[in-house]
Amino acid sequence: MSTETWNLFVAWAQFLLLLRMLPQCDSAKPCPSVCRCDAGFIYCNDRDLTSIPSGIPDDATTLYLQNNQINNAGIPSDLKGLDKVERIYLYRNSLDEFPINLPKNVKELHLQENNIRTITYDALLQIPFIEELHLDDNSVSAVSIEDGAFRDNIFLRLLFLSRNHLSTIPWGLPKTIEELRLDDNRISTISEISLQDLTNLKRLVLDGNLLNNNGLGERVFMNLINLTELSLVRNSLTSPPANLPGTSLRKLYLQENHMNYVPPNSFADLTQLYRLDMSNNNLTALPQGIFDDLDNLTQLFLRNNPWYCGCKMKWVRDWLQSLPSKVNVRGLMCQAPERVRGMTIKDLNKELFDCKDRIGSNTIHVTTTMLNSLLPAQGQWPVPVTKQPEIRPPDINKIFRTTPIPVKKIITIQVKSITTETIYISWKVALPMTALRLSWQLGHSPVFGSITETIVTGDRAEYLLTALEPESPYRICMVPMETGNIYLSDETPVCIETETAPLKMYNPTTTLNREQEKEPYKNSSLPLAAIIGGAVALVAITLLALVCWYVHRNGSLFSRNCAYNKGRRRKDDYAEAGTKKDNSILEIRETSFPMIPINSDPLSKEEFIIHTIFPPNGVSLYKNSHSESSSNRSYRDSGIPDSDHSHS
């Protein structure tokens, strides 16, 4: 083959290859000018668009259209041709109906925070492969959803309808749904058939609705065999719902309801449950054995319930003490009776539960004589003595008269004000006890003012109150927290009144240092005055000596022949005194005094007479360059007039 033939063949092949590539170039669409495109991701969000721009590339997979003003009319029909689009974000727009003209292969659609009111079967039929549908924060009501609108969306797994206007659960939901969120709606009733087909449902959220026990069907949750999480927070339930699914349920949220009673079998067969929350209800007691079937329970939250720690709750303490360390229980704190308020149930000993024995007619209490001698010395608890058939019951009245109970204060309190903000409290107890409640209140009145209280253990005998108001009265009270001791049945508090120290006596932070600082000044007031007086006298004597020396030398206090030159400077010269910022000033009287500049520059010869004026009472007439003065004379730092600014 010749060279020319070969070159012709190569050129022809290149031409055919170019023709083959031309259709591809024509089919590739550029990115819309208002958007940004990046490998299938089309970003048209936050641009105040009222419609979806045309010309979106065919290879687009995800459309970001949120935070615009797109309405239903702004969705073009050519959007249906984008077969590769699987995710569309259209939240925070102006849609009032479920949009149409969407790509048929979309799997994830975000429509939350619009104003969508109606959902039709035809609109959902256009997206048959939808898996996640987010319709939160719209205006969807039960009547605005067409019956069976979702029935052919057989791939739908997540349906979010939170914060809408639903009064019932939509009918005809597909069996494929795994997560259903209906929180913050107006649902008041759920019939047994509403959820019976949702056998694949794993998470059901019904928070913030109007549900009560009568509005829930008796078997409404029984068919949810794969349900792992059920949330009924912020409803109006008075007890846990019946017939909960026990095969898979792992999380149960019942907080913020009106529950005041828990039936004994409420949690039967919930063997997989590991988290249970019944906080913020009105529960006062729990039936014994309520948690026996919860083999996997590791998190139990019972906060903010008015627990009454009576005899019926003693089993809870025993159960808590037998739990392994992996089980986390929170919120079992006594609110009543008053003697144990603020104490955790787990820390109570058995005597505090007030479980008095139910003694029949053949049992009497013979404790007065025996325990009066034993209890104060040995600290033993009163015990009932059972009557024997052959023993005649003793005369109780006679026993009280022969061995009266000694009247003695059970608690003796002593207080001492330490600083303006602290009070030291100490006390003595006549009988052994487990705990005491200490309270303090600003003011003497037990009615007005907020009360602060704390629980102190029985082995303590002192306490320090801090962060108090200075110079303020306080009422401090203590009351024993016992029930098993017959001498402590009276819960009347023992109170004492005191005041914090005044501010003039104490400094809350540096009191000791301040007192140490005051001592030197108390002893140094006299020497300091003597030093000042001596200095004043010395200055006065020096000035007087200078005047006498001047008069003695010149024969007169005012001389016209006195020369002010640099060669005559001595320590007692007025020029030297001027450099020491003497309190005298120089007044120019006549032009007969020669001025000699310090920098030896020639000046115009002028003669001056300098007269020294002493201000009365030692008042300084010296003015620096920063003080206000009407004089036209400026001063250097040494106090001598600046020769460049002197005037006659």
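Just so it is clear, glycine is given a Cβ too, placed from its N, Cα and C backbone atoms.
Summarising the annotation, Swiss-Prot assigns signal peptide to 1-28 and lists sequence analysis as the type of evidence.
Confidence for the domain 'LRRNT' (30-62), expressed as mean pLDDT, is 92. Per Swiss-Prot, the feature domain 'LRRNT' maps to 30-62; the stated evidence is sequence analysis.
The disulfide bond feature in Swiss-Prot is assigned to Cys31-Cys37 (among others). Counting only same-chain residues six or more apart in sequence, the Cβ atoms lying under 8 angstroms from the Cβ of Cys37 (disulfide bond) belong to Cys31, Tyr43, Pro57, Ala60.
Swiss-Prot lists Cys35-Cys44 (among others) with the feature disulfide bond, giving similarity to another entry as the kind of evidence. Under the three-state DSSP scheme, Cys44 (disulfide bond) falls in the coil class.
For the recorded site, Asn226 (N-linked glycosylation site), the DSSP three-state label reads coil. The Cβ neighbour count for Asn226 (N-linked glycosylation site), using a 10 Å radius and every protein chain shown, is 16. If you look up Swiss-Prot, you'll see Asn226 marked as N-linked glycosylation site.
Taken from Swiss-Prot, the feature repeat 'LRR 9' applies to 247-269, supported by sequence analysis. Away from its own ends, the repeat 'LRR 9' (247-269) comes close to residues 202, 207, 225-240, 275-284, 286-287, 289-291, 293-294, 296, 301 of its chain (Cβ-Cβ under 8 Å, at least six residues beyond either end).
Residues annotated as disulfide bond in Swiss-Prot, with similarity to another entry given as evidence: Cys309-Cys334 (among others). For Cys309 (disulfide bond), the count of additional Cβ atoms within 10 Å of its Cβ stands at 27 [all protein chains shown].
Feature annotation from Swiss-Prot assigns topological domain 'Cytoplasmic' to 549-648.
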Note = Among the recorded positions listed as Cys35, Cys44, Asn226, the Cα nearest the Cα of Cys309 (disulfide bond) belongs to Asn226
Key: Secondary structure tally of the repeat 'LRR 9' (247-269) (DSSP, helix then strand then coil)   = 0 helix, 3 strand, 20 coil
Ask   = For Cys35 (disulfide bond), which residues of its chain lie six or more apart in sequence with Cβ-Cβ distance below 8 Å?
value = Ile42, Tyr43, Cys44, Arg47, Pro53, Ile56
Ask   = Here the disulfide-bonded residues are Cys31, Cys44, Cys334; which one has the lowest number of other Cβ atoms no more than 10 Å from its Cβ?
value = Cys31
Inquiry  = Give me the CA-CA distance between Cys334 (disulfide bond) and Asn226 (N-linked glycosylation site), in Å, as a whole number.
reply    = 37
Key: Three-state secondary structure, Cys31 (disulfide bond) (per DSSP)   = coil
